[in-house]
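Report on the following structure.
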Amino acid sequence: MSASPSPIGAAAGLDHLQARRDEEVVDSEKDALAHDSHAVNSGIPHPTATAPTIGIPIVPISAGRESSAPEEKISRSSIAASSDILHNPPSEKSISSAVPKSHRYKKSKFNFLKSRKKKEEEEKKNKEKEKEASVLPPVSFFALFKFAAPLEIVAMVFGLLLAIAAGSCQPLMTLIFGRLTTSFTNYAVIVNQISQGGLTPETAAALQAAKDDLKTQSGHNALYLMAIGIGMFLATWLYMFIWNVTGELNSKRIRERYLAAVLRQEIAYFDDLGAGEVATRIQTDCHLVQEGTSEKVALVFQYAGTFVCGFVLAFVRSPRLAGALISILPVIMICGGIMMTAMAKFGTAALDHIAKAGSLAEEVIGSIRTVQAFGKEKILGNKFADHIEKSKVIGRKGSIFEGFGLSIMFFAIYAAYALAFYYGGILVSHGDANSGIVINVFMSILIGSFSMAMLAPELAAVTKARGAAAKLFATIDRVPAIDSANKEGLKPDSLHGEISFENVRFHYPSRPSVPILKGFTTTFEAGKTFALVGASGSGKSTVVSLIERFYDPVSGVVKLDGRDIRSLNLNWLRQQIGLVSQEPTLFGTTVRGNVEHGLIGSIYENASPEEKFELVKKACIDANAHGFIMKLPQGYDTMVGERGMLLSGGQKQRVAIARAIVSDPRILLLDEATSALDTQSEGIVQDALDKASRGRTTITIAHRLSTIRDADRIYVMGAGEVIEQGSHNELLNNENGPYAQLVNNQKLAQEAAAEALQEDDDIDDLDDTVLGGASSPMQEKNGQLYRAVTGRSLASIAMDDIQAKRAEDLAAEDKIPSSFALYARLLRMNSADKLIYIFAFIAAICAGMVYPSLAILFGKALSDFEIQDPNELRQALSRKALWYFITALAAAIVIFFQSAGFSRAGWDLNGVLRKKLFTATLRHDIEWFDEDRNSTGAVTSNLADQPQKVQGLFGPTLGTVVQSCATLIGGCIIGLCYGPLLSLIGIACIPILVSGGYIRLKVVVLKDQRMKKLHAASAHLASEAAGAVRTVASLTREEDVRRIYSEALKGPMKLNFRTSIKSQCLFAASQGLTFCIIALVFYIGALWIIDGKYSTASFYTVLNSIVFASIQAGNVFTFVPDASKANSSAASIFRTIDNEPAINAESTEGKMLDHEHVVGHVRIEGVHFRYPTRPGVRVLRNLTIDVPAGTYVALVGPSGCGKSTTIQMLERFYDPLAGRVTLDGIDIKELNLANYRSQISLVSQEPTLYAGTIRFNILLGANKPMEEVTQDEIDAACKDANIYDFIISLPDGFDTEVGGKGSQLSGGQKQRIAIARALIRNPKVLLLDEATSALDSQSEKVVQEALDKAAKGRTTIAIAHRLSSIQHSDQIYYFSEGKVAEHGTHQELLAKKGGYYDLVQMQNLSRQ
């Protein structure tokens, strides 16, 4: 890649480099919006080469995208003063009693603000300390290649020598350029002398000799230029190819070793890592190392070669002139440093607010149902907008500094032109130099200086690689305490399966101050089934982890058949154990492949495929999985999707059980294997577990005590010790014991009622309810007639209409509007900056016209060297120097307005787009969010990424594009004016010259993007394994994963090898051809000068205005990716903004209800429904439910029967395909949506709290503005929710920060705050969607009391898996396959002995 002395090349390169770096950050950070913010990428522009430019580099292009700071997430630290209490909450009553009421919640605002400020300072200091502690020193440059083979090292050294040779070509070219200039000047002098003295035979002979000499010199020098071009082509092709291939090989080895090292680490290693850190290392850091060890290393040496050769040549030719010209370097460095510091300051501050906005967006979009249920889209949208507005204000300030810094820096560059001609004129007039030497030295210094600037971004890539490698190598070199790669250890020939713990003490390495096991001693006899029960944190799962040897005890010993497990070979130990966890991880392969993973390390590992399949099939039959597997589209060869996402929870569990038992292990560990399942799925899975545990040592952990009643022995754990043990019946005999208390918390009454309810009529076939309303006799008749004619129900027809509309929407998304239409709309959207855009456009055009205009000045300056009188020569060049100085001042002014104007407008547009996109996103209905493309991750990623990409084009980049176009057009016009014929030749060569920029884009700029895409599949595989490291370790899949990963890396490597030969050849050809074209123009120009068609001044004017302007204009291709990304991003943003959801909470249409007159009578009539994303699944089928005002109704049934869908229908998250939902007899579709939802409150299974105070989160439920809610109303809601005493016991009371997603509170505390939020609006209807299912028994009891209190006097509809919480309901509806199978009171349904009765029996713990 060639260095260019031109600032236009420099600045354009800066834009593309900034874009590239922005994209790296956005790609690596956008699926995570809450990480520490790094320093903003800004500062001194680093010019990038596009072609060997030797003309006058005059036009600057504004700095790149400093203002377009990428999205990065800011992690939110916990508030120090309250975190201890929140994480380790003592008894709430004891806390409450310890705080006198007179002092509770009476803190002054001053004290609160003071304490908040102090906390923020402490938080900042802690973050700085953590950051310092986590920083590793970068590895040495040579360490980057420590895995390279000797032959590769030889090839790389040879490539570096070629890179240095390629870098030397441009300074050598200036030498040729200087010699040609001298020849032209000498010829012009002779012509002038002859013209002054008249034509005589002697002068005619002298003139002919001068012509012959010029023709000969021009021919020779043109050949030299072509030779340099050919040499540049060969050297560039070879070194780019060599370093590209060796970089890929080196990266492949590092990736393989890093993943191998990760998989061999003990589990404690992962406890200290962030959730996505391993994935980030694999996807991002390995890419950074590859980028910094491939051709960028060679480019560093090329630019260094250019710098050294240029300065050496300059000082050899004229030490005095060279010494004067190097004065520009410190000025450029100082100005760039100041600008970098200022931009980093403003950029980091802007990033802080953008990151906070991104974090808020993730929370809000991740809980969109809660947001819409409470109608708080506007409040949360305003909070988001506040952060964006603050970032915009800071970005505007930074824009001024950016423009000012660039204008000063480029003024210094242009002033150097004036110095060159002024001082050069003095030297020539004194006979110390000639025109060729002045041009040679000037261009050599300029090329050398810019090569140093261009070296910086490539050197930055190497520096980043060193930093990234430090993290990778730290893991690669780390020897874990528990090493799965260690082949040592005993492998006994036989195993009985007896496990014993002897005085085991343990704490997690990440929490050394929290003891988990305290002298734990017990024995699990071989072949028996044991159960561990107890409260959360009592040490149950830790026991399983110690048996798997995920951790080693701090003291004591764990033995297997009397041997310390630390003496056993680790892989052998884990291969004897089958583990099924609460959330089993399946890998992205087939059902068969997942089960076969359980055969690794067994005697069947290398069995034939047929034999393996028989084992897999048997294991699946034992696990009750064979039946559903055979119903899958491809049976055992069906892909299960990422993490088994295409299977239900129960299906995943059964496949995991089959995987655990397929190798017939002697030990089976079941860590809450059924707790996440509904009762029906739990029953099926529990049967599979009971069958699988026969003849094995089985240890089960369960919250649902019904699953372990048949265990041989049950251990009740508390505070890391066994506090009670025995069989189920033995433990129940101790009525006051801890186990009996746990049972009582889940106990159901067993008294049966005398009479049973009549079964509901089967209404399976009544699908013809008329769409959208109650069924009148005429409508029913019409519906039946329609079915008779078409054979299809109205619900089915409605679903077809929805599907057709979705297909139309998807087709429309593939159509991107014209660029003109998009850009016009974007400019209209940012119309507030209309004047700024106008001034910036004018400034960019003026900056673009500077280059061709000064081509005239350059040509005239060179013609001045023809003057023979020293004084006159010096005066003429001094005048040209003055004009250069004036040009420098003018250019500095237009550069300031261009850079500052476009940068500011870019920030403003970014802010407008973010706010409008976020507001439009929240306006969409739930159906929109259900689509995979609109998942929380995808939407938050788009919110972070898309406005950024539009800003990337409509900020400084837009100015650069306008400037480049102005340069090209202006150059052609001036060239045609000064020399039409030569201009036409130059214009004919424009496609070739401009293509250099395009080829550079394809080869260099897009190369990194292409390689990232090629590595996406292998990176996903590695991330999947790293994200399921416990599963990988328990299955001893480490070697298997390494093998698959290595195979996956071969594809990108082979493809890169094949494409590199062609692409690098094209790139090298574009560099070499430029020299050849310049040689052609020079030679033709010399011939026409000899023929008298052109003067020297005209020739150089045409040469600079067209040829070199075309080269620089080729830089516009650098921004093709920006334009493409901006177009697609803008189109996507406008689609989101323009989309009108069918259920629009912002709509002002519909009847308004008076809250005081709402009774709360809810009725669902003949509702049919299918989710649009799953049109083949009928969810609700003619569902009819009547809930009288003020009653408590419960919905129960197996998973997938339609209970939660019913709640969502009541919230009007969806509309039924047929039938209707009414409130007080009015179809809810006729009501104003926002007003309707204000009558309802929802408490879900996983309550969402937002970053902010407890007060803020409670007030989100209010129906009136927050400032109008009184403290008494807040207190009353909190007392009803059983959370008031806890809140006022906190140091900051209601002003305590809850952390992101309520992270500073326990599950029970979050749930009760959510209940208070639901109650503060005094709802007429309360919806409870499994509000206690995720809690342990103790928390469930407290929350259930709050719910019972909250339900009094309100229409309440509750869903619960734990039937103990709803047995006193006024009416219980038992769902089956989307319809009501039976309903009645608890006692009435028990008497029926139907589906509800079966559920009760499965959870009945007190039956003997």
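The backbone N, Cα and C atoms fix where each Cβ goes, glycine too.
When ASN606, ASN1182 are compared in Swiss-Prot, the N-linked glycosylation site annotation sits on ASN1182. Here Swiss-Prot gives transmembrane segment for one range in the set 700-720, 952-972, 994-1014, 1267-1287: that range is 952-972.
Take the Cα of SER538 (ATP binding site) and measure to each of the glycosylation sites ASN244, ASN934, ASN1127, ASN1182: the nearest one is ASN934. For GLY534 (ATP binding site), the same-chain residues that are 6 or more apart in sequence and have a Cβ closer than 8 Å to its Cβ are LYS540, VAL716, MET717, GLY718, ILE723, PRO738. Long-range Cβ contacts of the transmembrane segment (882-902) within its own chain (Cβ-Cβ under 8 Å, at least 6 residues beyond either end) map to 58-60, 62-63, 399-400, 402-404, 406-408, 410-411, 413-415, 417-418, 421, 836-837, 839-840, 842-844, 846-847, 850, 854, 857, 954-959, 963.
Considering only the recorded positions ASN244, ASN934, ASN1127, SER1199, LYS1203, the residue whose Cα is spatially closest to the Cα of ASN1182 (N-linked glycosylation site) is LYS1203.
Over the domain 'ABC transporter 1' (499-744) the predicted model carries a mean pLDDT of 83. Annotation note: GLY1197 (ATP binding site) sits in a coil segment as assigned by DSSP. For LYS1203 (ATP binding site), the nearest neighbour among the listed glycosylation sites (ASN244, ASN934, ASN1127), judged by C-alpha distance, is ASN934. As a quick check, the transmembrane segment (296-316) and the transmembrane segment (838-858) miss the bar of 3 or more Cβ pairs under 8 A, pairs 6 or more apart, so the two do not touch. DSSP classifies LYS1203 (ATP binding site) as helix under the three-state reduction. A sphere of 10 angstroms centred on the C-beta of ASN244 (N-linked glycosylation site) encloses 24 other C-beta atoms. Of all the binding-site residues listed here (GLY1197, SER1199, CYS1201), SER1199 has the Cα closest to the Cα of ASN244 (N-linked glycosylation site). SER1199 (ATP binding site) sits 25 Å from ASN934 (N-linked glycosylation site), taking the CA atoms of both as reference points.
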